[in-house]
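Q: Supplied in structure tokens, the structure appears directly below.
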Amino acid sequence: MRVFYLSAITIFLLDRISKYLVLKAEYQLVEVLPFFNLVKVWNKGIAFGLLRNSPNLFDLLLLLLTPLILSVLFYIARKSAQKDKIFLGMVFGGGLSNWIDRISFGAVLDFLDLHLGGLHWPAFNIADFGITIGLILFLSRHVLKDFRK
């Protein structure tokens with residue numbers, strides 16, 4: 001389980017530290033590259049702004065279900081292959097960090113803004129990145145394994 005913990009702690013700490021720095025910054029928008037900005041966006045929905053206009057009942061449900069989902073991830077990781085532990089750790093660390101935002105602020109701080117001209121991908125954070133990449137890698141290992149049989 002060491003790689004699970006290392007993966008989870010890495011995503012968690014990178015996300016918490018980066019959010020702290022973004023919150024302390026004076027500016028709402030910083031143009032880093034022609035296709036990349038740092039912004040401050042509060043997201044009440046889930047990853048990439050999905051369900052951000054949902055009713056308050058959804059917010060409460062998400063707040064209550066997250067610990068259960070994290071517990072299930074931990075249980076699955078205990079019985080998983082080493083690579084899967086890394087991927088599930090990424091999801092766990094990201095989920096835990098975003099859950100802390102929801103408890104602390106009532107929303108999740110997103111700050112990474114990728115765009116092409118005026119077309120912007122919804123803002124996201126390092127936790128969202130960890131959750132998304134971890135899930136894609138975990139699921140692709142298992143879906144591809146089924147196709148190879």
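Any Cβ shown, glycine's included, is placed from N, Cα and C.
Model, not experiment: these values are computed from the prediction.
Per TrEMBL, the feature active site maps to Asp110, Asp128. The transmembrane segment feature in TrEMBL is assigned to 57-77, 86-109, 121-139.
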Q: Residues of the same chain, at least six outside the transmembrane segment (86-109), with any C-beta under 8 angstroms of its C-beta?
A: 3-12, 15-16, 19, 22-23, 40-44, 59, 62-63, 66-67, 69-70, 73-74, 76-77, 80, 125-131, 133-135, 137-138, 141
Q: Under a three-state reading of DSSP, tell me whether Asp128 (active site) is helix, strand or coil.
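A: Helix, per DSSP.
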Q: About how far apart, in whole Å, are the alpha carbons (Cα) of Asp110 (active site) and Asp128 (active site)?
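A: Their Cα atoms are separated by 9 Å.
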